[in-house]
Amino acid sequence: MDERPETELISIPATPRVSTPEILTPSGQRSPRPATKPSSATWTPTSFISPRFLSPIGTPMKRVLVNMKGYLEEVGHLTKLNPQDAWLPITESRNGNAHYAAFHNLNAGVGFQALVLPVAFAFLGWSWGILSLTIAYCWQLYTLWILVQLHEAVPGKRYNRYVELAQAAFGERLGVWLALFPTVYLSAGTATALILIGGETMKLFFQIVCGPLCTSNPLTTVEWYLVFTSLCIVLSQLPNLNSIAGLSLIGAVTAITYSTMVWVLSVSQPRPATISYEPLSMPSTSGSLFAVLNALGIIAFAFRGHNLVLEIQSTMPSTFKHPAHVPMWRGAKISYFLIALCIFPISIGGFWAYGNLMPSGGMLAALYAFHIHDIPRGLLATAFLLVVFSCLSSFQIYSMPAFDSFEAGYTSRTNKPCSIWVRSGFRVFFGFVSFFIGVALPFLSSLAGLLGGLTLPVTFAYPCFMWVLIKKPAKYSFNWYFHWGLGWLGVAFSLAFSIGGIWSMVTNGLKLKFFKPPN
């Protein structure tokens, strides 16, 4: 068999040919005329590195490198994509933007927890209440920034879920143990609490609108829970996180509106005659200490949504030139500015209106107890209806991690995406399981202090630890000491607030009435 001839080295003319267009010559100059005397010999370059003047449009290798560089800058950091992510509701759609991020963060960050902040002020007073709320707000805003930055901290990897980031920082097994329970509660537990609050608020709305005309055969509380759950299941059929951006916008608008209405209506009415702004005192010093810890736990519980930050950011496209953390942080700044405009007026205005007479149920309970006959029924009914809309919208975003987990288990076993019927079945199942837990544990929404302590590390502690373990700042530097100290301070507060929440349950005589919701 004949041997293949060696590849010849083709010579490149030193100057462009006469027919070369002007646009192909350097700086668009006309091609120089050929020499009048014919060249006696043709010079062939013997080096693979051509002089710059020999290649007006660049060598083929240079063009390939330039094109490849541009492609990588547009596509990203050579991120290794998991094919399964294209089948899951959190990462199925990656066309999010800063507006979607603002909608989702507002929907997740403003909710029923803010309505009980004046209860904490009743135990802390003016100075300590405002100071504690301000410190907690700044602290959680910083840890939010940490999570946004850690989403793509390792080149070639996007941490699309909170548990994934915890596993990368703490290790596979320890990360699951530390992050799974609080994130599951903040997802499934919040969904259950939303069913309880949404159902009870629908019942109050019905009573206000109908008045004495509808007292013959009203629905029970459990039946209102079922009505609210059915509405949640219908809305949960939207396929992925980006598809509920419209619902998040509705939830954000309604949450801001009813938060403003609640404190404005409270401040505009005459204050109770026996109002006092002295912090509530307990018979013993230890009792007062635990009451303060429980109040701080209520403040910590008011800041929610950090378990969804990475999930929201994973819905955005990310490239080397346009990383996802830029629009995510832009949307987060807008949303948390609006969140501050909600929680601070509620806390200060609510405590000013009711003082230490604030009932444990929060602002809605205070409005209903003190001003049911003073405020026009239309305004009161509107406020309650907005709370229902906000709870319906919040249920969708807090349930999305649970939907994602169900579908991840299915797709990993079958190696195919969920069909419409399977996806709908998972969401119906989750909705009715949440309803069942709400009926079985009707006291769940009254454990704000305890639950705030148990879930506090997700917001205030773990992000600081993960920053040190992933970014690896210089040991014993200020950055190293600051994040370790802030993280361990969050863990200490978590233990203290949990103890305060348990003490509050014991002192107030919380009756664990299983399967006995209020009538």
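Here the Cβ of each residue, glycine as well, is placed from N, Cα and C on the backbone.
According to Swiss-Prot, the protein carries these features:
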- 1-44: region 'Disordered' (REGION)
- 1-114: topological domain 'Cytoplasmic' (TOPO_DOM)
- 115-135: transmembrane segment (TRANSMEM)
- 136-156: transmembrane segment (TRANSMEM)
- 157-176: topological domain 'Cytoplasmic' (TOPO_DOM)
- 177-197: transmembrane segment (TRANSMEM)
- 198-217: topological domain 'Extracellular' (TOPO_DOM)
- 218-238: transmembrane segment (TRANSMEM)
- 239-243: topological domain 'Cytoplasmic' (TOPO_DOM)
- 244-264: transmembrane segment (TRANSMEM)
- 265-282: topological domain 'Extracellular' (TOPO_DOM)
- 283-303: transmembrane segment (TRANSMEM)
- 304-333: topological domain 'Cytoplasmic' (TOPO_DOM)
- 334-354: transmembrane segment (TRANSMEM)
- 355-377: topological domain 'Extracellular' (TOPO_DOM)
- 378-398: transmembrane segment (TRANSMEM)
- 399-427: topological domain 'Cytoplasmic' (TOPO_DOM)
- 428-448: transmembrane segment (TRANSMEM)
- 450-470: transmembrane segment (TRANSMEM)
- 471-485: topological domain 'Cytoplasmic' (TOPO_DOM)
- 486-506: transmembrane segment (TRANSMEM)
- 507-519: topological domain 'Extracellular' (TOPO_DOM)
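Sequence-remote contacts of a segment are chain residues at least 6 beyond its ends whose Cβ falls under 8 Å from one of its Cβ atoms, and for the transmembrane segment (177-197) they are 111-112, 162-163, 166-167, 170, 225, 228-229, 232, 304, 307, 387, 391, 394-395, 398-402, 430, 434-435, 437-438, 441-442, 444-445, 451, 454-455, 457-458, 462, 517. Contact check: the transmembrane segment (115-135) against the transmembrane segment (378-398) gives fewer than three Cβ pairs closer than 8 Å, residues 6 or more apart, which falls short of the contact criterion. When the stretches 136-156, 218-238, 334-354, 378-398, 450-470 are ranked by Cβ pairs under 8 Å to the transmembrane segment (486-506), first place goes to 450-470. Under DSSP, residues within the topological domain 'Cytoplasmic' (399-427) fall into helix, strand and coil as 24 helix, 0 strand, 5 coil.
Counting Cβ pairs under 8 Å to the transmembrane segment (244-264), the stretch among 136-156, 334-354, 378-398 with the most such contacts is 378-398. Panel annotation: around the transmembrane segment (136-156), residues 77-80, 162, 165, 168, 299-300, 302-303, 306, 309-310, 313-314, 318, 323-325, 328-329, 332, 336, 340, 343, 459-460, 463-464, 466-467, 470-471, 486 of the same chain, lying at least six beyond its termini, place a Cβ under 8 Å from a Cβ of the stretch. Long-range contacts of the topological domain 'Cytoplasmic' (399-427) within the same chain: residues 84, 86-90, 161, 183-184, 187-188, 191, 232-233, 236-237, 239, 241, 244, 307-308, 311, 434, each at least 6 residues beyond the stretch ends and with a Cβ under 8 Å from a Cβ of the stretch.
Residues in the topological domain 'Cytoplasmic' (239-243) partition by DSSP class (helix H, G, I; strand E, B; coil) as 2 helix, 0 strand, 3 coil. Sequence-distant contacts of the topological domain 'Extracellular' (198-217) (same chain, six or more residues past either end, CB-CB distance under 8 Å): 224-229, 232, 364, 368, 377, 380-381, 384-385, 387-388, 391-392, 395, 438, 518. Sequence-distant contacts of the topological domain 'Extracellular' (355-377) (same chain, at least 6 residues past either end, Cβ-Cβ under 8 Å): 112, 115-119, 121-122, 201, 204, 208-209, 211, 262-263, 265-266, 269-272, 274-280, 346, 383-384, 387, 446, 508.
Same-chain residues lying 6+ beyond the ends of the topological domain 'Extracellular' (265-282) with a Cβ under 8 Å from its Cβ atoms: 122-126, 128, 288, 290-291, 349-357, 363, 366-367, 370-371, 374-375, 379-380, 383. Within the chain, the topological domain 'Cytoplasmic' (304-333) has long-range Cβ neighbours (under 8 A, six or more residues past its boundaries) at 72-77, 79, 90-91, 93-105, 108-109, 111, 113, 140, 143-145, 147-149, 151-152, 158-162, 164-165, 182-183, 186-187, 190, 240-242, 397-398, 400-401, 404, 458-459, 463.
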